[in-house]
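S.K.: I'd like to ask you about the structure that follows.
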Amino acid sequence: MPFWYSNSKLIWLLSPFSLLFWLISQLRHALFCLGIKSSYRAPKPVIIVGNLSVGGNGKTPVVVWLVEELKKRGLRVGVISRGYGSKSKTYPLFVTENTRPIEGGDEPVLIAKRTNAPVVISPNRQQAIELLLSQAECDIIVSDDGLQHYKLQRDLEIVVMDAERALGNGFVLPAGPLRELPSRLKSVDFVITNGGKNQYSDAVMYLVPHFAINLKTNEKRQLKEFQSGVAIAGIGNPQRFFTMLEKLGIQLERTQAFQDHQHFEASQLEKLAENQPLFMTEKDAVKCQSFANDNWWYVPVDAEIIEAEKQCENLPHFWDKIDKLVAQYRNG
């Protein structure tokens, strides 16, 4: 919501509801901390990758980056997710790159495609982990989202934040974009800011595009080969994608933002594209591949994550924590 990032009077009208939201969430958290509500401890270490605020912060590229980095270190990695956008009739569901996005959810299918890691979705994270471990050998589990899912105990927490929007007006829902107060950041292990550095950054992520891939033929082209086109995005922050294309020198004749996890139909996009190249995110492409036209292209991005400050040791310390965690679980 635009007013989350301004001084709109709506903030004060909605603030009583935010107070109620905060009280309920604090009570719920306290019940888990006191052991009054039960939580699940997985037999393998769990890393949560989540957000403090709603809206596109760049969480999925961080999950992909983290899984790939863990695999480079010789670890067998499994991924669990709630599976937002999934309309599967049964859960938990084992997701592969060939799972239909309407069943597996666009982000889990994308993660499975990019990492080849085993992925299981379920609103019940315990059931997701149990199915995952029954079908795959894992040394460590990455939870895509779930920072506020206190029914699942965790060993490490990573928060991904948009560097520019940060925490918005600082209010929790519905007056602001936050699911928890900013003070929650003091208890997480690592904060990655997307697109630049701010006061909360332990590390900075830049999303780097290298080429465009045709949805129908899988042909790869350098982005500099395109002069103009049309762009669509069904992600949390569509403008970030449009701005990226324009910075690469592509003149966008038209842009269309859709809601996050939008399920597309061919007719929607054919009208937009006409005879021009149509650009979309990789997350949207997994939902459009089955009915793509010849002039539809997606732009995959890779997360490049660097220290927030020169001479900083946050990343080495982070990997040290993971090594110790895995060793601890292996040794019982």
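Yeah, the Cβs are placed from backbone N, Cα and C, and that goes for glycine too.
As listed in Swiss-Prot for this protein:
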- Ser53, Val54, Gly55, Gly56, Asn57, Gly58, Lys59, Thr60: ATP binding site (BINDING)
S.K.: Name them in sequence order: residues not among Ser53, Val54, Gly55, Gly56, Asn57, Gly58, Lys59, Thr60 whose Cβ is within 8 Å of the mean position of the Cβ atoms defining the ATP site.
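M.R.: Leaving out the recorded residues gives Asn51, Val160, Asp162, Asn194, Gly236, Asn237.
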S.K.: Among all protein chains shown, how many Cβ atoms are found within 10 Å of the Cβ of Val54 (ATP binding site), not counting that one?
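M.R.: For Val54 (ATP binding site), the count of other Cβ atoms within 10 Å is 16.
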S.K.: Going along the chain, which residues six or more apart from Ser53 (ATP binding site) have their CB under 8 A from its CB?
M.R.: Met161, Asp162, Arg165, Leu167, Gly168, Pro177, Leu178, Arg179
S.K.: Please classify the secondary structure at Gly56 (ATP binding site) using three-state DSSP.
M.R.: coil
S.K.: Non-local Cβ contacts of Thr60 (ATP binding site) (under 8 Å, 6 or more apart, same chain)?
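M.R.: Set apart from Thr60 (ATP binding site) by at least 6 residues yet with Cβ under 8 Å, we have Glu107, Leu110, Ile111, Asp144, Lys283.
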